[in-house]
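The next block holds one structure in the form of structure tokens; read it before the comments.
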């Protein structure tokens, strides 16, 4: 066997096989050659070795030529040889056999793999459809190995790199465009020529003059340095009418459809890589895919080619969108900038009228005839592609010109309409433009059921219309005119939500359809047995989010539709539902209206619109303050929802006495103070540092003293509500002392983060304007550190000085207007100070400084300098004398005040001692006092008698000694 082309290990001897094909003596032995190829297929089922690939590449180049030579001589033998060649191509798609662990990473292995890929790409253009399809499928298998392990992923990465180097993307895109042009050649209604002319003009004259970067040069002009002419109004006239491509059924041969299918599947796999996507866009592959979609406009859902093509567009747009959003390094040159923003940007390339028109026609067909789940999934993918294109500003005008935004608005609002309003909407759609060829609205069962696909359709529609409406004023006007905001507000209508709880009507195919549309049906996500329950809750939350965006963008329309009233009623109904759920202990599931996501959406909506003119009065009269207080006082709610509620309260009460009175009557002041007390109890006093040279990092390391500490948004909102709803209203301020409100604020100043001190001090400063509250502020002492209010404020001032690095010279503030401003005197200022403080030789010193600087004044300037310097010295001496007088008076006042202070302390001490003596004497028993007085009197009487006796004895014996 070795002599016939097979080695001793039963593997084919590929060099001898190649010699057998190329030797002039054996090149005509076609039967023997075919037999050798069959044996190769039989013995190499598991794959080729890397060292065998160069010979296999040579065979892939020789065998197709032999097949072409046999077609006229022996067609049957030619077909058999073609099948054998296809089997060899299939084997090349399998993983190569390695004899070393890193054999495919070495230079010979990489070169062999590159040769195989090059031959497969050549076979894509083979005249044999079977060979072309097999070669394309082999490339697809090489791009996506079946092995999902770590080694398989590494092999996939290597194969993708080799495919990029072999320009597989460019070759495949060229084949796709070639086949699409062949199919579209029969469509000669003038539309294609019009689009071609318009594109040529737009490519020459920059169509997008409002992009992020001011790039106004084409590829050729950027290389040559020649700027393009400004775009004229004639360019827009080329696309002034709505494009409508032919939807006649095209008869495709089976072989041609197989070629397209294999090419599109290969592009789909390659487009999952970012760099391959950029190459695909740059070589025109995205527009080739749009051309391919035109071939299937008669029935887009019937062919998997459309599914794969839409997925390709999705991949390239997503990669482009990710690169655009990520803040990468700036472009190194203008060429790279153009490449990033123009030539490799799928969003820019697909933002033309032709692409938008094709997508519009596909969506129309899918909305009208897409009953199956696969059809609806394809419709959602097309909508995602449209949403990615809509993220580029260049496409917004095309959306309007090709009436795609009108189509989106029709189906975004139709599900919420009653059944009898569909006909009215259809008539309005047809009457917008007499030349319009738009079909009537589709049956409700194709887009407004409760299936997951239809709910996803609605979510994508809302998101896309929101982006379009917020981007341009013209789009927002169309959105408002289409009553899209009214359809979204139905998800906040409490009456509609109650109607949704009623039993639904069921049609023949057991698909639930709400009586008033999907909007009400989707509002109850609590039934797990219904299809799309979770998706419906997400849809309702998404509706709230879109209302928030449109409410801020079009406040007049929102107020006209009474959206604020619906949102307030929705929150009130949620509170009632929570109360009922709390009382009913046998409840098996929570109410849908108590879902946190829906409540948060309604709160965010009110936050965005509560500041509109006139809404404070209206919401206050509708018990808005009481509803927000109830939402704030709900301990089961999350911190975010409570924060939103207190923010709404602050905006409702800002400069509005009636709402402030409502807040006071609803015990809102005590609720706010209770929240501050609860926050203070969780904190510890701020650690103070008396060292001014301490670094910022060391101060931040101290507990509760870091300037980078995060602030609780809820407590910030509570302080803001106090500032706007209580401070400034004397009747509301009178409610603070009974609930220890001032104590809570001072305690918060002591233990709160440093970032909150400014806000707390602002509230206290405004409260100090009330004379009745001054005594409460002065009499406060900390429960944790026993500091008084003055000490607390002084410590806060010192902490701020340390943080800013300010230093007071001997405790004196140098600048009362900006006492905490850190000033570093310049050298020039130091020279001036030195000069002013000098003697009569200051003029000479200043002249010396000028001479050092190279300035030589003339005689007149020197005289003027002497005069000005003398005047400055006199003024400085007078100012210094005045300061000394003032300092002496201040010291005398301080000394007198100190003596008076200590004197009052001594006087108070003496009075306290006297009071203690009097009190002690008053507490002694009277019986003991009388006995003590009697004993004292008896002792005094006896002493008197003794003295009298001694006196008498002395008078009788004058010379006798006196005995004491």
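Cβ coordinates are placed from backbone N, Cα and C, and glycine is handled just like the others.
Keep in mind that what you see is a predicted model, and the values were worked out from it rather than measured.
When TrEMBL is compared with the stretches 425-450, 451-476, 477-502, the one noted as region 'Disordered' is 425-450. Within the set 212-233, 234-255, 256-277, the record from TrEMBL flags 212-233 under the feature region 'Disordered'.
Shown for the domain 'Cilia- and flagella-associated protein 69 ARM repeats' (713-835): DSSP residue counts in helix, strand and coil, namely 78 helix, 4 strand, 41 coil.
Using DSSP to sort the residues of the domain 'Cilia- and flagella-associated protein 69 ARM repeats' (13-152) gives these counts of helix, strand and coil: 103 helix, 2 strand, 35 coil.
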